Amino acid sequence: MKIRTVWKIIFVTYVCLLLYFVVIKFNGSIDRVISIKESRDSGYWNYNLYPFRTITRYLEDIFHSYAYMNILGNIAPFVPMGFLIPIISKKYINALKTISISFICIIGIEVFQLITMLGFFDIDDILLNTFGCIIGYGIYVGFRKLFSKHSYIFQKV
């Protein structure tokens, strides 16, 4: 099996897990969907379009574990995306392309959550998720520099 095929399998597995844990996080409980629908019916649409509003709120309450969990929970799951996208591409893909592809995926997830009522559309989630992808791309670049001469994993076929 070619190494790129293995990386593609890893990427598909990652995307499935990401969608499961980030998008379909209601744990099978329809009560959450009903609650969000009732909120929408009363005029509340579960979105935040003001950059850094949620992040600032969490930073003001940084000593509570919920703040850490939310910030890290929006960064960490997207680190693999920034790492894996350039690995599975057929040609060398730079930071801008990697981050652009990641950004489009993140927007898709946020819009899906808004439309399906499985979550909230939050611009701060988009910022934190994108930051996670940037970290992942940085890790990719670091690994590529460290191992490209010694390992075929990071060499383009």
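The backbone N, Cα and C atoms fix where each Cβ goes, glycine too.
Note that the coordinates shown come from a computational prediction; the quantities given were computed from them, not determined experimentally.
Listed in TrEMBL:
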type: DOMAIN; residues: 11-141; note: domain 'VanZ-like'
type: TRANSMEM; residues: 7-26; note: transmembrane segment
type: TRANSMEM; residues: 66-87; note: transmembrane segment
type: TRANSMEM; residues: 99-120; note: transmembrane segment
type: TRANSMEM; residues: 126-143; note: transmembrane segment
Model confidence over the domain 'VanZ-like' (11-141), averaged pLDDT: 87
Long-range environment of the transmembrane segment (66-87) - Cβ separation under 8 angstroms, sequence gap at least 6: 4, 7, 10-11, 14, 18, 21-22, 54-55, 58-59, 93, 98-99, 101-102, 105-106, 124-125, 128-140, 143, 153-154
Long-range Cβ neighbours of the transmembrane segment (7-26) (under 8 Å; 6 or more residues past either end): 32-33, 77-78, 80-81, 84-85, 87-88, 109, 112-113, 118-119, 153
